[in-house]
Amino acid sequence: MATDYYAVLGVQRDASQDEIKKAFRRLARELHPDVNPDPKTQERFKEINTAYEVLSDPQKKQMYDLGGDPMGGAAGQAGFGGNFGNFSDIMDAFFGTAAQRGPKSRTRRGQDAMIRLEIDLKEATFGTTKEIQVDTATICKTCDGEGAAPGTSAQTCDMCRGRGEVSQVTRSFLGQVMTSRPCPQCQGFGTVVPTPCPECAGDGRVRSRRTLTVKIPAGVDNGTRIQLAGEGEVGPGGGPPGDLFVEIREKPHEMFQRRGDDLHCTVTVPMTAAALGTQVPLETLDGMQEVDIRPGTQSGQSIPLHGHGVTHLRGNGRGDLIVHVEVQTPLKLDTEQEELLRKLAELRGEERPSGQFQPGQQGLFSRLKDAFNGR
Ligand SMILES: [Zn+2]
Ligand SMILES: [Zn+2]
């Protein structure tokens with residue numbers, strides 16, 4: 001099985017040593033077991049180590065370029081677990097001997113970030129694309145995330161010799177006790193950066209403002225979070241970035257109230273129109289619609305306009321727009337109107353209606369009281 005070491009590192013076949021080194025460093029930061037303990041990632045980490053071991057060594061590289069396999073077909077096995085000799089400078093500079101127990105990596109995954117985005121009902125219904133400004137830590141371009149000033153590099157810590165911890169023998173009543181503690185000079189990293197990058201003060205990242213384009217799918221609601229992978233904070237030491245979450249805030253609509261994917265509104269019609277029937281124009285999210293008020297419509301009745309609500313976020317179709325009707329009784333009547341109404345009431349035999357009472361809260365309350373009193 002011949003592995004394409006160039007492809008593993010993502011470099012061209014004519015890449016310079018410097019480019020190979022840079023590509024390796026970038027990948028190593030991203031895939032280091034301290035950052036990314038996932039077994040698949042560790043497998044990939046071994047791969048890039050093997051690829052780098054071959055391509056960074058002029059002899060091995062030549063052999064490989066001529067079609068041989070300097071790793072003896074054992075790619076993926078060799079190159080890790082002991083033989084760091086060929087690129088110990090790199091390993092020391094970055095992780096010391098971090099493959100086992102030892103110094104901790106300077107590189108850590110960045111944190112997730114969150115930003116709120118306000119949209120209106122129409123945008124929530126049909127989806128939209130928005131430009132947002134985000135302030136996050138991004139990789140420092142001056143030092144490429146390494147934290148060392150250009151032209152310098154991290155050095156193996158001389159106090160702990162790159163181990164990241166120092167041991168101390170103390171005497172106690174139990175005899176001699178050996179204790180280990182993180183190296184105070186390098187804070188356990190195993191390396192020191194003698195000349196920190198002036199741009200990021202050695203952190204490997206800087207804060208910067210970016211503009212991102214976010215696609216908002218149709219059907220989002222208040223509180224919906226859209227995850228943008230890798231757009232969060234870059235980690236310390238130029239570590240891989242966290243994710244960015246965009247939380248949706250929906251501005252209240254002046255006419256429609258949203259409940260789930262249905263919209264509700266109220267239309268007021270005069271008593272005569274409710275009795276005779278009419279059509280009322282309504283500006284919906286899809287444009288003008290005629291709401292059909294049937295003859296004999298009662299106050300409180302609702303008229304659904306199917307498919308004129310908000311798009312379902314998962315699945316097809318849309319909710320409904322529900323128009324609640326409120327019938328208005330005329331407040332003031334002139335003489336002629338009053339006469340006409342009296343005439344109508346007479347015709348309908350409604351001059352002295354007995355009314356139809358229904359049990360309301362009061363009825364329920366007295367029944368409860370009866371129950372308490374054992375009646
Ligand atoms: Zn820097
Ligand atoms: Zn140290």
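Every residue gets a Cβ built from N, Cα and C, even glycine.
Owing to the predicted nature of the structure, the values given are computational and were not obtained by experimental measurement.
When TrEMBL is compared with the stretches 28-56, 144-172, 347-375, the one noted as region 'Disordered' is 347-375. Same-chain residues that are not part of Cys157, Cys160, Cys183, Cys186 yet have a Cβ within 8 Å of the Cβ center of the Zn(2+) 2 site turn out to be Pro103, Asp158, Met159, Arg161, Gly162, Arg163, Gly164, Glu165, Val166, Pro184, Gln185, Gln187, Gly188, Phe189, Gly190, Thr191, Val192. The listed stretches are 157-164, 183-190, 197-204; of these, 197-204 has the most Cβ pairs under 8 Å to the repeat 'CXXCXGXG motif' (140-147).
Here the Cα atom of Cys197 (Zn(2+) 1 binding site) is found 22 Å from that of Cys183 (Zn(2+) 2 binding site).
Listed binding-site residues: Cys140, Cys143, Cys157, Cys200. Those with a CB atom under 6 Å from ligand 1: Cys140, Cys143, Cys200.
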